[in-house]
Amino acid sequence: LNVSSSVMNISEHLSCPLGFGHYNAVDICILETVVIVLLTFLIIAGNLTVIFVFHCAPLLHHYTTSYFIQTMAYADLFVGVSCLVPTLSLLHYSTGVHESLTCQVFGYIISVLKSVSMACLACISVDRYLAITKPLSYNQLVTPCRLRICIILIWIYSCLIFLPSFFGWGKPGYHGDIFEWCATSWLTNAYFTSFIVCLLYAPAAFVICFTYFHIFKICRQHTKEINDRRARFPSHEVDAAGDTGHSPDRRYAMVLFRITSVFYVLWLPYIIYFLLESSRVLENPALSFLTTWLAISNSFCNCVIYSLSNSV
């Protein structure tokens, strides 16, 4: 009876986006709790593993992209830690004290952290593009000092772009909708959503598409040239040259391309729903919850892709 009473208190004081009526509100809240608790555990455990591997394998630091991958791992780890807020709110009785401030801070932090991940993916694609198009001058163009400055600028930019949400200009996302105030009182704004799309989502997607298109185009061209040389001059020297050519770069680019593709596959439903809801075209609490936590699950998926795609 005590457990049932506690669960009923949860359903009464928290927003349950998937609820379709009072009859199954308790079951829906339990389902939401299980989903959020599981994702929180997986995100924290997975990214701690990635950080531990980088700490114990100094050879990985020779890759310039390791700076961005580690930054993404820390950002995703903080996403998992931040998810403890709705987790604890669901597992314990919510008093509603300072709920609006908690909701705003939580939504802002999650949005900033995912913005860092998105910007890092764009920077990784640019880094691989420079490595393949300018191999002779790459080491002079991409230095550890410039990489650190780039990462600092990513964090600053991500913090600034979502700051207007604190001044009443729109809502950065649905990440806080597990709180009732976020779901009912904090509304989206079409202009703010367009602002975020134009300054973050669209530029990052354009950069990634442009760079990877040219990366694979160049790799295909080099592979064709190597095959032509093998056909014309079948010798061990040509085979050795072909084996040490752009094949490693291509394989490495493929791993990073998979990471980027999974990121946008998981985030695209969220972005589309965010735009539709901001424009008052569609409003569905169930879709809001599902697309939000599908996007957040990407913080764990990166760890799986690392282990499946790259033995190093």
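Placed from the backbone N, Cα and C atoms, the Cβ positions cover glycine too.
According to TrEMBL, the transmembrane segment annotation covers 34-60, 72-93, 105-126, 147-170, 190-215, 255-276, 288-308. TrEMBL lists 46-306 with the feature domain 'G-protein coupled receptors family 1 profile'.
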Per the Cβ under 8 Å criterion, with at least 6 residues separating them from its ends, the transmembrane segment (255-276) contacts 65, 114, 117-118, 121, 124-125, 128, 173-174, 188, 193, 197, 201, 205, 208, 212, 216, 282, 284, 287-288, 290-292, 294-295, 297-298, 301-302, 305-306, 309-310
Top stretch by Cβ pairs under 8 Å to the transmembrane segment (34-60) (candidates 147-170, 190-215, 288-308) is 288-308
Averaging the pLDDT values of the domain 'G-protein coupled receptors family 1 profile' (46-306) gives 80
